[in-house]
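*Asks:* Relevant sequence annotations retrieved from Swiss-Prot are reproduced here:
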type    : residues                      : note
BINDING : CYS81, CYS84, CYS87, CYS136   : [4Fe-4S] cluster 1 binding site
BINDING : CYS91, CYS126, CYS129, CYS132 : [4Fe-4S] cluster 2 binding site
DOMAIN  : 71-101                        : domain '4Fe-4S ferredoxin-type 1'
DOMAIN  : 117-146                       : domain '4Fe-4S ferredoxin-type 2'
REGION  : 1-27                          : region 'Disordered'
Amino acid sequence: MANTDRPALPHKRAVPPSRADSGPRRRRTKLLDAVAGFGVTLGSMFKKTVTEEYPERPGPVAARYHGRHQLNRYPDGLEKCIGCELCAWACPADAIYVEGADNTEEERFSPGERYGRVYQINYLRCIGCGLCIEACPTRALTMTYDYELADDNRADLIYEKDRLLAPLLPEMAAPPHPRAPGATDKDYYLGNVTAEGLRGVRESQTTGDSR
């Protein structure tokens, strides 16, 4: 049986609208709200424009900007990449593919035992995080300030080794070629090899000639 002893709820009386919500005052408030909404727009109209004339005048980039990758060389032209694939393992987007190969005395591309025979970076996947350059043990891979990578062909955004290698300077020799006379791979890693050869050997030869 239903309980009929429950007290009845009090009747809610409708609250009449305030006189402040109607009439000229209400219309004036709405007008001020509309003007306030354009405050930011009106304030920006008189500020100095920040539009850049791109691509006619590209703006500067930050000092540590992560742009297109570059495979670096030693001063005599040998490649710094040793084909270790650490950059590919560190890439969270699986954008790097590396195949290493062995150097020989007849055909040497890098100072050590191995070099990167195949090197690809897929810029359709690359997120520019820079983890690959942090993983590189020889500083073979760095990132440049070049950010104009747009293309209308997807295949052209997969960069091969020839597009990633740093250009040869006039004092460099294109590999393959032997190491500097008397130099080891450690001398290259320590920066003791210049475009003319091994620094210590050249200095000792100069000292011997002066005697």
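Each Cβ is built from the backbone N, Cα and C atoms, and glycine gets one as well.
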*Asks:* Roughly how many Å separate the Cα of CYS87 ([4Fe-4S] cluster 1 binding site) from that of CYS132 ([4Fe-4S] cluster 2 binding site), to the nearest whole number?
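*Replies:* Cα-Cα, rounded: 4 Å.
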*Asks:* Give the number of CB atoms, excluding that of CYS87 ([4Fe-4S] cluster 1 binding site) itself, located within 10 Å of its CB.
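*Replies:* That number is 24.
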*Asks:* Count the Cβ atoms, other than its own, that fall within 10 Å of the Cβ of CYS84 ([4Fe-4S] cluster 1 binding site), considering every protein chain shown.
*Replies:* 18
*Asks:* Compute the C-alpha separation of CYS129 ([4Fe-4S] cluster 2 binding site) from CYS81 ([4Fe-4S] cluster 1 binding site), stating it in Å without decimals.
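*Replies:* Given the Cα positions, CYS129 ([4Fe-4S] cluster 2 binding site) is 20 Å from CYS81 ([4Fe-4S] cluster 1 binding site).
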*Asks:* Here are some binding-site residues: CYS129, CYS132. Which one has the most Cβ atoms within 10 Å of its Cβ?
*Replies:* CYS132
*Asks:* For CYS136 ([4Fe-4S] cluster 1 binding site) and CYS91 ([4Fe-4S] cluster 2 binding site), what Cα-Cα distance in Å is obtained after rounding to a whole number?
*Replies:* 11
*Asks:* Using the centroid of the Cβ atoms of CYS81, CYS84, CYS87, CYS136 as reference, list every other same-chain residue with Cβ within 8 Å of it (recorded [4Fe-4S] cluster 1 site), in sequence order.
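*Replies:* In sequence order, the nearby non-listed residues are ILE82, GLY83, GLU85, LEU86, VAL98, GLY116, CYS132, ALA135, PRO137, THR138, ALA140, LEU141.
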